[in-house]
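Summarising the annotation, Swiss-Prot assigns active site, acyl-thioester intermediate to Cys136. According to Swiss-Prot, the active site, proton acceptor annotation covers His275. Here Swiss-Prot flags Arg10, Gly11, Met12, Val13, Thr37, Ser38, Gln74, Ser166, Gly167, Pro194, Gln351 as NADP(+) binding site. Look at Swiss-Prot and you will find Arg103, Lys245 tagged as phosphate binding site. Summarising the annotation, Swiss-Prot assigns substrate binding site to Gln163, Glu242, Arg268 and lists similarity to another entry as the type of evidence. Marked as S-cysteinyl cysteine by Swiss-Prot on the basis of similarity to another entry: Cys136.
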Amino acid sequence: MKNVGFIGWRGMVGSVLMQRMVEERDFDAIRPVFFSTSQFGQAAPTFGDTSTGTLQDAFDLDALKALDIIVTCQGGDYTNEIYPKLRESGWQGYWIDAASTLRMKDDAIIILDPVNQDVITDGLNNGVKTFVGGNCTVSLMLMSLGGLFAHNLVDWVSVATYQAASGGGARHMRELLTQMGQLYGHVADELATPSSAILDIERKVTALTRSGELPVDNFGVPLAGSLIPWIDKQLDNGQSREEWKGQAETNKILNTASVIPVDGLCVRVGALRCHSQAFTIKLKKEVSIPTVEELLAAHNPWAKVVPNDRDITMRELTPAAVTGTLTTPVGRLRKLNMGPEFLSAFTVGDQLLWGAAEPLRRMLRQLA
């Protein structure tokens, strides 16, 4: 059995990872060691059937060097501090990371095994020891649209995202819900009075939204009842860093011989933990919609094709329907007026599952 260290297992992504590992009985195949950046020495958690003693110090290089595999959901600052020191010390173990820090390094592979198992296998055969989870929207796009990429049908992709609060973190989710609650509380009496005028209610809500009284420590501006058409840092070319990741990570995941252009706008909306994306896809040749649907549905067990039907779409292609599931549905598939090679698609996926924790879990399963 491999000795596997876990850092950041208490956080949001880490908690989802622990839950999935228990569900799949992954702990049966490893010797887990739990680390903490602040509470080492206290009792370690029990997942599965094995007691794991006490929490170890996440900054203790000697303790970390004793591990065969490290799985970290602790964030980029931790990776920046510990990873170089570990490698410089001669540690030859496997590093599995949820943070973006190492994604684009030449000696790292972005992991999404239903999409790039061939790349992962080649990396393992060539001694690669660093495996990093991808950007959530990129991973979810490839899970849903993987059939088109696998058959080399994609000329380019334009995307508009509808990204959930969870992409920012736990505090962002709390802030969104708090904003929602304050807006409701501000007009609760009027809403309970059928004779009240809805435009008066709207004016009160708008006034509170603009007043500066809503909590915005995390998002910077109100999200409830609104949206934020910018995610992550601003780059010199006018993109946000989130938008830059689309092309950079897609092509690295797929190990493409020539770059597939991917670009668009990334937008934060008031969903809790499911990212949605609207795509305009330029195909390399004309492909019928039934064939597109067959290719998408056959690519992996989680890519579910939703018929382009109003009622079915409203039931099945929403964050409310998909949250907490591993399904990555794709729908609104139709040809666009621009020409027979132009395809529309709409996808939804849980940002914390295939968007974050599940690729890490499955990579660990391969190594253990």
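Indices start at 1 and increase along the chain as displayed.
Cβ coordinates are placed from backbone N, Cα and C, and glycine is handled just like the others.
Within the same chain, residues at least 6 positions away in sequence whose Cβ sits under 8 Å from that of Met12 (NADP(+) binding site) are Ser166, Gly169, Ala170, Leu352. For the NADP(+) site, whose binding residues are given in the record as Arg10, Gly11, Met12, Val13, Thr37, Ser38, Gln74, Ser166, Gly167, Pro194, Gln351, the maximum C-alpha distance rounds to 53 Å. Cβ atoms within 8 Å of the centroid of the Cβ atoms of Gln163, Glu242, Arg268 (the substrate site) belong to the same-chain residues Thr137, Thr161, Gly167, Ile228, Trp230, Ile231, Asp232, Cys266, Val267, His275, site residues excluded. The C-beta environment of Arg103 (phosphate binding site), restricted to residues of the same chain at least 6 apart in sequence and closer than 8 Å, consists of Ile110, Val132, Gly134, Asn135, Glu249, Lys252. If you take the Cα of Thr37 (NADP(+) binding site) and the Cα of Arg268 (substrate binding site), they are about 30 angstrom apart, rounded to a whole number.
Measuring Cα to Cα from Cys136 (active site, acyl-thioester intermediate), the recorded positions that fall within 10 Å are Gly167, His275, Gln351, out of Arg10, Gly167, Arg268, His275, Gln351. The Cβ of Arg268 (substrate binding site) lies under 8 Å from the Cβ of Gln163, Ala165, Gly167, Gly168, Phe219, Leu223, Leu227, Ile228, Pro229, Trp230, Ile231, each of which sits 6+ residues away along the same chain. Cα of Arg10 (NADP(+) binding site) to Cα of His275 (active site, proton acceptor): a distance of 23 Å.
A C-beta separation below 8 Å, combined with a sequence spacing of at least six in one chain, links Gln74 (NADP(+) binding site) to Ile7, Gly8, Gly11, Thr37, Ala58, Ala99.
Each residue contributes its Cα atom, and for Glu242 (substrate binding site) and Gln351 (NADP(+) binding site) those atoms are 14 Å apart.
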